[in-house]
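**Student:** Following this message is one structure expressed as structure tokens.
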Amino acid sequence: MFKTFFEGIVKNNPVLVLAIGLCPTLAVSTSAFNALGMGAAVIFVLTFSNLIVSSFRKVIPDSLRIPIFIIVISTFVTIVDYVMKAYLPGLSKNLGVFVPLIVVNCIILGRAEGFAYKNPVGKAILDGLGSGIGFTLAIFIMGTIREILGQGTWMSIPGGFEGFKVLGQGFLNYPVLFMILPPGGFLVIAFLMGGMRYFEARRSA
Amino acid sequence: MKDILKPTFVLLITAMVASALLAVVYEKTSPEIEKRAKEKLLDNLKTVFPVEGAEYKPIIKDTLWCVEKDGKRLGIIFVNGMRGYASVIKVIVGVDTTGKIVGVHIPKEGLSETPGLGMKVTEPWFMEQFKGKREEEVKLKKDGGTLDAITAATISSRAATNAVRSGMEKYKKYLKEEEKSENEWYHKHLSEFFPDAEIEECGNNFWVAVKDNETLGSIYLSYGEGYGGKFGVLVAVKDGKIKDIYIQSPDEGFPETQEFGCKVREHTYLKKFIGISPDEAGKIDDVTGATITSEAVKKAVVSGYKRVGGE
């Protein structure tokens with residue numbers, strides 16, 4: 001049973017292995033806190049959409065499954081969007097358009113279509129949680145690396161906590177800006193994907 | 001048949017449940033979202049013009065406020081935007097009545113300048129340097145002014161600076177008390193209503209046109225609260241009927257939108273007022289697309305007439 005859960009985190013990690021959902025990953029992973037916020041939103045939407053899709057899989061007509069998936073997903077995304085705007089306005093401003101864009105995130109539609117529609121509720125929830133956490137871990141690691149190198153802080157919260165000054169004052173004054181810009185995102189994700197493949201290859205060898 | 005009905009039914013149910021759910025969530029969160037926005041705005045106003053116990057009264061919606069304390073005007077706050085490197089840089093500026101900047105705030109939210117370069121316009125040192133500056137001083141040093149630009153982000157620095165300066169230029173007329181700034185515009189129109197007559201002032205915003213010891217008519221000034229703010233309406237009355245009507249022009253501070261609100265100033269609309277009693281102005285049709293402004297004009301005509309006690 002728990003194989004389903006861990007598969008989403010390591011072996012079938014949506015970002016680092018399956019390479020899906022890369023757009024929000026690259027765009028939002030400029031700081032660790034943003035990444036966590038995005039991750040939490042995705043975990044929520046993924047788990048609940050899997051739950052609903054799997055519970056109703058027997059009554060959803062085959063021809064209508066995609067529109068219904070989209071309705072379900074976009075409902076949860078809108079809920080997340082409203083709640084974030086109301087109670088976490090800073091985070092909501094930072095994530096901007098990438099929260100509404102979760103609707104078209106292929107991780108979520110992919111899991112609904114590829115897993116939840118064919119599996120019982122319990123498994124579907126575990127799969128949602130697993131893939132969600134896998135996504136969050138990947139984006140959080142990226143956010144951490146990019147924020148520390150590109151800004152000199154870690155876990156800084158907009159309009160709140162200043163962040164841990166991991167690398168000292170000199171680094172705060174002259175950070176490696178490049179890491180926060182889009183090319184930095186590609187560079188980090190390339191190293192992470194490479195690393196993942198390397199360990200995978202060594203383990204199976 | 002079943003192939004058509006069943007999917008339709010399923011889709012209908014799904015959509016209904018989803019919208020009901022969203023309605024509930026919206027109901028719960030929207031007051032909170034609005035409250036946040038208001039708090040944020042007040043916070044920003046307080047940052048750029050910090051005065052204990054001051055009131056921030058909106059003059060133009062979401063753009064211009066005046067700061068008053070005990071009925072005395074201390075200054076204004078305006079919001080102005082200018083295209084930066086990658087987004088519009090929005091500045092919130094407080095200016096006191098002597099024309100000096102009290103504070104500048106550039107909100108991070110919604111700004112997408114390059115992180116670490118253009119984004120530095122939101123850093124305190126950059127915003128601090130505007131303090132106490134006058135309009136002509138608000139320029140970058142390399143443009144002959146007094147302000148330091150951000151290294152490697154000249155476009156963003158210049159945009160922020162220009163936004164502050166052009167806003168000061170645009171809104172400086174509001175620095176004076178309202179009475180003074182409005183005094184000029186209507187005087188020259190008074191004589192246009194009754195060209196040959198003497199215009200005598202008879203109290204508050206009320207004039208009588210006299211020729212050869214005979215009263216030709218009267219003029220009153222009344223204010224309407226439109227979509228964008230307050231504007232003045234001059235009404236000339238003769239024998240209990242409206243002889244002519246004039247609405248403040250945009251040059252004179254008419255605050256409504258050019259494409260809609262300004263239509264109430266067109267002759268085709270204003271001629272509907274002529275010849276009727278000011279009491280009956282409320283019956284006139286509204287201009288399509290400018291209901292709020294039209295209503296404001298009519299209300300001003302009626303209420304002004306009541307105030308001056310008829311003829």
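Note that Cβ sites are derived from N, Cα and C of the backbone, with glycine treated the same way.
Not my notes, these are from TrEMBL:
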| type | residues | note |
| --- | --- | --- |
| DOMAIN | B:84-171 | domain 'FMN-binding' |
| MOD_RES | B:T154 | FMN phosphoryl threonine |
| DOMAIN | B:226-308 | domain 'FMN-binding' |
**Student:** Taking 10 A as the limit, how many CB atoms besides its own sit near the CB of the residue listed as 'FMN phosphoryl threonine'?
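**Tutor:** Around the Cβ of the residue listed as 'FMN phosphoryl threonine', 16 other Cβ atoms lie within 10 Å.
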**Student:** What three-state secondary structure does DSSP assign to B:T154 (FMN phosphoryl threonine)?
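**Tutor:** Assignment for B:T154 (FMN phosphoryl threonine) reads helix.
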**Student:** Just to be sure I understand, if DSSP states are collapsed into helix, strand and coil, how many residues of the domain 'FMN-binding' (B:226-308) fall in each?
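**Tutor:** Each residue of the domain 'FMN-binding' (B:226-308) counted once, the result is 35 helix, 16 strand, 32 coil.
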**Student:** Using DSSP, what's the helix, strand and coil tally for the domain 'FMN-binding' (B:84-171)?
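**Tutor:** Tallying H, G and I as helix, E and B as strand, the rest coil: 34 helix, 16 strand, 38 coil.
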**Student:** Mean pLDDT across the domain 'FMN-binding' (B:84-171), rounded to an integer, is what?
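**Tutor:** Averaging the confidence scores along the domain 'FMN-binding' (B:84-171) gives 88.
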